[in-house]
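Engineer: Please read through the structure below; I'll follow up with questions.
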Amino acid sequence: MANKGPSYGMSREVQSKIEKKYDEELEERLVEWIVMQCGPDVGRPDRGRLGFQVWLKNGVILSKLVNSLYPEGSKPVKVPENPPSMVFKQMEQVAQFLKAAEDYGVTKTDMFQTVDLFEGKDMAAVQRTVMALGSLAVTKNDGHYRGDPNWFMKKAQEHKREFTDSQLQEGKHVIGLQMGSNRGASQAGMTGYGRPRQIIS
């Protein structure tokens, strides 16, 4: 962000709207989960958007996070012993995390762009990606998730049903509720259309 000048006019307005989407309460929950999932050696960030960005910026913590969701021996991201100090190495580490998260099942619409994190352009998108990763981990329930399962929403899972041919045939003869009831109402006492009403005293 050192090379980027201040925003004015419409750009400033757009950036302001993006920054308002950042959720400080969600940040606390995500930090708790990351620390619980990766271990206390990852440390804790300073509070706020900037602290969260600096904490995750080099991609090492994110890589450890996605690796912790896999069994030993099949970790998708190689984590360097010393955090990378060169800018392109840090961006490459973040890109490896994004690829591993996508392979884990996070949809492209839930993914942030590398610059969103690296330049702090859209930290709410970073939160969305980590949130989606947590939701998937809770949904998979494969024993690798650590933390409170109530921190994330469980995604809906497919529930296939198999019907026999006889069940399908029976279903064709049932009057659906959208059609109304076939009981109670009858045409008893009604006269045909066009006939005058007969009043006999």
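Heads up, the Cβ atoms here are built off N, Cα and C, so glycines get one too.
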Engineer: With Swiss-Prot as the source, which of 10-17, 154-161 is set down as region 'Could be involved in actin-binding'?
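Structural biologist: From Swiss-Prot, the annotated region 'Could be involved in actin-binding' range turns out to be 154-161.
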Engineer: Among Ser7, Ser181, which is the one flagged in Swiss-Prot as phosphoserine?
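Structural biologist: With Swiss-Prot as the source, phosphoserine is noted for Ser181.
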Engineer: So if I exclude everything within five residues of the ends of the region 'Could be involved in actin-binding' (154-161), which remaining residues of that chain have a CB under 8 angstroms from its CBs? That is, six or more out.
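Structural biologist: Distant Cβ neighbours of the region 'Could be involved in actin-binding' (154-161) are 135-136, 138-139.
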Engineer: Relative to the Cβ of Lys172 (N6-acetyllysine), which residues of the same chain, six or more apart in sequence, are found under 8 Å away?
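Structural biologist: Set apart from Lys172 (N6-acetyllysine) by at least 6 residues yet with Cβ under 8 Å, there are none.
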Engineer: Including all protein chains displayed, how many Cβ atoms other than that of Ser166 (phosphoserine) lie within 10 Å of its Cβ?
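Structural biologist: Total other Cβ atoms inside 10 Å, all chains included: 8.
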